Amino acid sequence: MAARLLLRSLRVLSARSATLPPPSARCSHSGAEARLETPSAKKLTDIGIRRIFSSEHDIFRESVRKFFQEEVIPYHEEWEKAGEVSRELWEKAGKQGLLGINIAEKHGGIGGDLLSTAVTWEEQAYSNCTGPGFSLHSDIVMPYIANYGTKEQIEQFIPQMTAGKCIGAIAMTEPGAGSDLQGVRTNAKRSGSDWILNGSKVFITNGWLSDLVIVVAVTNREARSPAHGISLFLVENGMKGFIKGKKLHKMGMKAQDTAELFFEDVRLPASALLGEENKGFYYLMQELPQERLLIADLAISACEFMFEETRNYVRQRKAFGKTVAHIQTVQHKLAELKTNICVTRAFVDSCLQLHETKRLDSASASMAKYWASELQNTVAYQCVQLHGGWGYMWEYPIAKAYVDARVQPIYGGTNEIMKELIARQIVSDS
């Protein structure tokens, strides 16, 4: 019953958004109940703040927060040791309506709006539990199928992915090709009407548990540029020649399964091609801004979590006969952190609004990802410092947040690549 009510509220929200004025108008205080922005909120993680959200989003946020408190946080330490979350969690998330939120209902998704999706990103960050790969599955993998897949592909995979019964991954990165997607060596060659796939991928999130992987492969080495010869393929777990390597032992995100994948003469039917042949690079460029916005929102939400965790600590910890929070240097550091967090939150929220109306460009998404992920690492460093020796202990949440933050400037395109993309727009004549 709870899940059905949740789905209904999301559908109502989606229907309302079609008749509402544009986001810029909805953000004005005139004629609407004023909502606090993060600088004025009692806590940066409070429910009911930020003008981009509505009361329906607040109701949804409460249910998502409860889900993470009851179904994720109590088991996360166990999953960190296992190097993966349970498949049961995925199906629970599906029943709760937390997967495929922004995928159209006609395709088998929930049919909610982008801001509802953002709620799930933020609440996972507030839980300090990086294990569940829900956002990659729902908001990176599923859109490729929904946007470029055939009717048969959509009907076969989207409903199962929304239910958490089919876990998705995307395989771009290779041992010799990370941010340089044009350096991909994994290839697919025609064999009659089929394709023969060979190659390897590394650092694949959800790779170990995955039931379906979108694989980036070269299909035309004679193309005028590598970008013109890349295609996407849907590879299912269990296909002959598809081998999952070991789970990789990472510095952080220890409960998030990350694997190597190998493809040895995997025979794929023609129906495994996703979209048009040799158009894969363009599909990737089209979808990457959402991935970078996702990383930015996760990053600033993690900053908000770390700030509140640290504020609570320094208000309780005593030194020199008073709480650490009453030491002026600590107060100044907290003031700096909160100011930077609130400024970045305002920018990320503006990017969420732009993306909700399909107006977020690559450079803006790159700015958000670059700035927010750098700030996340700065905040993590300073918050550990404010915890003193206890911040170095794994039992303290800030220690885990510190190591989890380090990958944010690396994946989704390194921050050095983000600067290249931003600079390209600056100097472009068009």
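Backbone N, Cα and C define each Cβ position, glycine as well.
For reference, Swiss-Prot has these:
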- 1-30: transit peptide (TRANSIT)
- Lys42: N6-acetyllysine (MOD_RES)
- Ser55: phosphoserine (MOD_RES)
- Lys66: N6-acetyllysine (MOD_RES)
- Lys81: N6-succinyllysine (MOD_RES)
- Lys81: N6-acetyllysine (MOD_RES)
- Lys95: N6-acetyllysine (MOD_RES)
- 170-179, 203-205, Arg317, Gln328, 385-389, 414-416: FAD binding site (BINDING)
- Ser179, Ala227, His228, Tyr282, Pro289, Gln290, Glu291, Arg292, Gly412, Gly413: substrate binding site (BINDING)
- Lys254: N6-succinyllysine (MOD_RES)
- Lys279: N6-acetyllysine (MOD_RES)
- Glu291: active site, proton acceptor (ACT_SITE)
- Lys322: N6-succinyllysine (MOD_RES)
- Lys322: N6-acetyllysine (MOD_RES)
- Lys358: N6-acetyllysine (MOD_RES)
- Ser362: phosphoserine (MOD_RES)
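Features per Swiss-Prot, on structure.
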residue : record                 : contacts (Cβ under 8 Å, 6+ apart)
Lys66   : N6-acetyllysine        : none
Lys81   : N6-succinyllysine      : none
Thr173  : FAD binding site       : Lys201, Val202, Phe203, Ile204
Ser179  : FAD binding site       : Gly413, Thr414, Glu416, Ile417
His228  : substrate binding site : Asn220, Asn278, Phe281
Lys279  : N6-acetyllysine        : Ser231
Lys358  : N6-acetyllysine        : none
Ser362  : phosphoserine          : Met285, Leu288, Pro289, Leu421, Gln425
Gln385  : FAD binding site       : Gly391
Gly388  : FAD binding site       : Arg317
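Per the record's binding annotation for substrate, residues Ser179, Ala227, His228, Tyr282, Pro289, Gln290, Glu291, Arg292, Gly412, Gly413 show a top Cα-Cα distance of 23 Å.
Across the structure, Lys95 (N6-acetyllysine) and Lys254 (N6-succinyllysine) place their CA atoms 25 angstrom apart. Ranked by Cα separation from Gly176 (FAD binding site), the recorded positions Ser55, Lys254, Glu291 are led by Glu291. Its Cβ taken as reference, Pro289 (substrate binding site) is surrounded by 22 other Cβ atoms within 10 Å in the chains shown. Around the Cβ of Asn415 (FAD binding site), 19 further Cβ atoms fall within 10 Å across all displayed protein chains. Restricting the binding-site residues Ile170, Thr205, Glu291, Gly412 to those with a CA within 10 Å of the CA of Lys322 (N6-succinyllysine) leaves an empty set. In the structure shown, the C-beta of Thr205 has more C-beta neighbours within 10 angstroms than that of any other entry among the recorded positions Ser55, Thr205. Looking at Gly412 (substrate binding site) and Lys42 (N6-acetyllysine), their Cα atoms lie 33 Å from each other. For the pair Ser55 (phosphoserine) and Thr205 (FAD binding site), the C-alpha distance works out to 33 angstrom.
Asn415 (FAD binding site) has Glu291 as its nearest neighbour among the recorded positions Lys42, Lys254, Glu291, going by CA to CA distance. When Cβ neighbours within 10 Å are tallied across all protein chains shown, the highest count among the modified residues Lys42, Lys95, Lys322 belongs to Lys95. Under DSSP, Lys66 (N6-acetyllysine) is assigned to a helix (H, G or I) in the three-state scheme. Here the candidates are the binding-site residues Ile170, Thr205, Glu291, and by Cα distance the one nearest Lys42 (N6-acetyllysine) turns out to be Glu291. Burial estimate for the binding-site residues (Gly176, Gly412): highest at Gly412, by number of other CB atoms within 10 Å. In this structure the alpha carbons, written CA, of Lys254 (N6-succinyllysine) and Ile170 (FAD binding site) are 19 Å apart.
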